[in-house]
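Q: Below you'll find the structure I mean.
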């Protein structure tokens, strides 16, 4: 029996209901009922109100902090939901993770330190997950932490399509900038989807191992003088390092500076810092639910709903997900 002979069921957890509702609308599918409450001490209690016996279930569950819960609460909610679905005899449990919590802890940076991204992967498999659809992982090697199929979707296709559809970039005078050496692959992908030559700039930075969200020294490799510089990163957290990068690009002569990122954590004073920065546009996806209190004038949000809907359809119908990585991807913003 193949997967498309099993009914598709969509389950949305609480971390990003607006995105889940958009995905469901794209797929012309209802969201299954979920009852979620908490005991007085904070323990989570959850049950799925629909039968899922024999069904191909897709759980939409970003594991980031949300307006009403911490990253840890949302991860625990996911573990409990997966266990509930397994005990309810779901045929397959596919986790759609717009954001993978703890992805930055993908290796040991110091002695006696956990690889927390692997811990999350192990617990998901042990709980009963059969497939993961992830979005712009901080480190690609996280795919290898799983012994189950992982479809790794990238943000570059929809971010490039947004830039082109909204005429924000003069392709004859633009350069993509990687914020560090680790982001070069992401910069190459954005180049490909924008149709730019295979040339980009890199910000060479030195970050002290014992300090978070801080950078000691920045140097630019490449030329941005008189050009539109487009920084691409997987996430914006406090915003400090990316804002320092914008200052460097402005000092090197960039006439327009745009940052695009898949995940907008926007911790602390990040919204204020970004609004007052050298960036002309801050473009992110809705992989994380961004409350009104964190929105600012320079912020533009592009939905990843279509990308996830296409990936879910491909898995449900046993067809290839790879066309979503090709440069023919087009979301069609003009018709939305």
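Each Cβ is built from the backbone N, Cα and C atoms, and glycine gets one as well.
Predicted automatically and left uncurated, TrEMBL annotations should be read as such.
Pulled the feature table from TrEMBL, pasting it below:
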- 205: active site (ACT_SITE)
- 41, 42, 43, 104, 105: ATP binding site (BINDING)
- 138, 180: Mg(2+) binding site (BINDING)
- 207, 233, 237, 238, 239, 240, 241: D-ribose 5-phosphate binding site (BINDING)
- 8-128: domain 'Ribose-phosphate pyrophosphokinase N-terminal' (DOMAIN)
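Neighbours and distances for these, please.
A: DSSP assigns residue 205 (active site) to a strand segment in the three-state reduction.
Under the DSSP three-state reduction, residue 41 (ATP binding site) is assigned to coil, being neither helix nor strand. The Cβ of residue 41 (ATP binding site) has 5 neighbouring Cβ atoms from other residues within 10 Å, across all protein chains displayed.
Sequence-distant neighbours of residue 180 (Mg(2+) binding site): residues of the same chain at least 6 apart with a C-beta under 8 Å from its C-beta are 202, 203, 204, 205. Reduced to three states, the DSSP call for residue 180 (Mg(2+) binding site) is coil.
In the three-state DSSP reading, residue 238 (D-ribose 5-phosphate binding site) counts as coil.
The average pLDDT computed for the domain 'Ribose-phosphate pyrophosphokinase N-terminal' (8-128) is 96.
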Q: Let me spell it out: for each of the binding-site residues (43, 233, 237), count the other Cβ atoms within 10 Å of that residue's Cβ, using every protein chain shown. Which one has the most?
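A: Buried the deepest by this measure is 233.
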Q: Neighbour count first, Cβ atoms within 10 Å, every protein chain included; then name which of 104, 138, 205, 240 tops the list of recorded positions.
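A: Of 104, 138, 205, 240, the one with the most crowded Cβ is 138.
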Q: How many Å lie between the Cα of residue 138 (Mg(2+) binding site) and the Cα of residue 240 (D-ribose 5-phosphate binding site)?
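A: Cα-Cα, rounded: 18 Å.
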Q: Return the residue, from the listed binding-site residues 42, 239, with the maximum count of other C-beta atoms within 10 angstroms of its C-beta.
A: 239
Q: Just to be sure I understand, if DSSP states are collapsed into helix, strand and coil, how many residues of the domain 'Ribose-phosphate pyrophosphokinase N-terminal' (8-128) fall in each?
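A: Computed counts for the domain 'Ribose-phosphate pyrophosphokinase N-terminal' (8-128) are 43 helix, 29 strand, 49 coil.
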